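Shown next, in structure tokens, is the structure this report addresses.
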Amino acid sequence: MDKTMTLFLLLSTLLLTTSLAKDLCHKDDKTTLLKIKKSLNNPYHLASWDPKTDCCSWYCLECGDATVNHRVTSLIIQDGEISGQIPPEVGDLPYLTSLIFRKLTNLTGHIQPTIAKLKNLTFLRLSWTNLTGPVPEFLSQLKNLEYIDLSFNDLSGSIPSSLSSLRKLEYLELSRNKLTGPIPESFGTFSGKVPSLFLSHNQLSGTIPKSLGNPDFYRIDLSRNKLQGDASILFGAKKTTWIVDISRNMFQFDLSKVKLAKTLNNLDMNHNGITGSIPAEWSKAYFQLLNVSYNRLCGRIPKGEYIQRFDSYSFFHNKCLCGAPLPSCK
């Protein structure tokens, strides 16, 4: 009798555990995910999304723990043969903290406005697709955003100044689009943290705002635009900047007066209209990358352990720079 009872209890526990395991997925999330799959034309990439199975076991997503009732917290669709537009149903996954559509060259249309409903979102990556239209203003409504990557798309129009109001933002990547207009003045007064800022390979124009000299950017890349003005405001001895890339613009300033942060590791300012000479203090800088070519610099290249690592490519096509690795000064 005891053995029978023990066996009964074990079987009951097993059945209960199996039942609970099957029911981890919230029914509303499963319904929404199946609508997303249908909206994307039922791609093979989402073959695991079988309505007969627990959605928390499906590929391309993650569920949270019991504290959020195992709701879907991450949707990660990338590297697949998927066509269409971002399904509006993504906005019906209220517990999402991470949303990624990446390396989907047949994904088209505008950035889905229903994303504005995702108030818990901290990580947004919509990159390497064929998305068009503007960088949406509604992103500034998502107050928990820490990471935004909209690079390698066909986005156009101006950069919304309201993005600077995101107090938790640490990373803003808008490179490789068709964005136009100036850098917003408000980017000199981010409400919270100062994010790493990547705006390269666009069609941005106008004078760089003076306010951009106020933040202590850890990484800033403004390369390959049509920007003008005095970019020396980005530098400063008291800053903690690591990477600055302002190459292939139309910046004009006197390099002789520029003081570098001791932390600066990568500096690229090739193809501008920069004048003056390379400061002697640069001989002590710890550069891993340096390029000042195609400017209007003159004078002797300072001698130093790290600056001497670079070949002529980093210095050539200037007005009258001289000294190793270029020809000797006369």
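Glycine too: its Cβ is placed from the backbone N, Cα and C atoms.
The following features are taken from Swiss-Prot:
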DISULFID  C25-C55  disulfide bond
DISULFID  C56-C63  disulfide bond
DISULFID  C298-C320  disulfide bond
DISULFID  C322-C329  disulfide bond
CARBOHYD  N106  N-linked glycosylation site
CARBOHYD  N120  N-linked glycosylation site
CARBOHYD  N130  N-linked glycosylation site
CARBOHYD  N291  N-linked glycosylation site
REPEAT    69-93  repeat 'LRR 1'
REPEAT    118-141  repeat 'LRR 3'
REPEAT    217-237  repeat 'LRR 7'
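Features recorded in Swiss-Prot, as mapped to the structure shown.
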residue: C25; record: disulfide bond; contacts (Cβ under 8 Å, 6+ apart): D54, C55, C56, C63, H70, V72
residue: N120; record: N-linked glycosylation site; contacts (Cβ under 8 Å, 6+ apart): P94, Y95, L96, T97, N144
residue: N130; record: N-linked glycosylation site; contacts (Cβ under 8 Å, 6+ apart): T105, N106, L107, T108, N153, D154
residue: N291; record: N-linked glycosylation site; contacts (Cβ under 8 Å, 6+ apart): S247, L267, D268, M269, N270, Y313, S314
residue: C298; record: disulfide bond; contacts (Cβ under 8 Å, 6+ apart): T275, G276, S277, N318, K319, C320, L321
residue: C322; record: disulfide bond; contacts (Cβ under 8 Å, 6+ apart): G299, R300, I301, S328, C329, K330
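DSSP gives C55 (disulfide bond) a helix state. For the repeat 'LRR 1' (69-93), DSSP puts the residue distribution at 5 helix, 10 strand, 10 coil. Counting same-chain residues at least six beyond the ends of the repeat 'LRR 7' (217-237), those with a Cβ under 8 angstroms from any Cβ of the stretch are 175, 183, 194, 196-208, 210, 243-255, 257-262, 264, 268-269, 272.
Note: the repeat 'LRR 3' (118-141) comprises 5 helix, 9 strand, 10 coil (DSSP; helix = H, G, I, strand = E, B). In the three-state DSSP scheme, C25 (disulfide bond) is classed as coil. When secondary structure is read from DSSP and collapsed to three states, C329 (disulfide bond) falls in the coil class.
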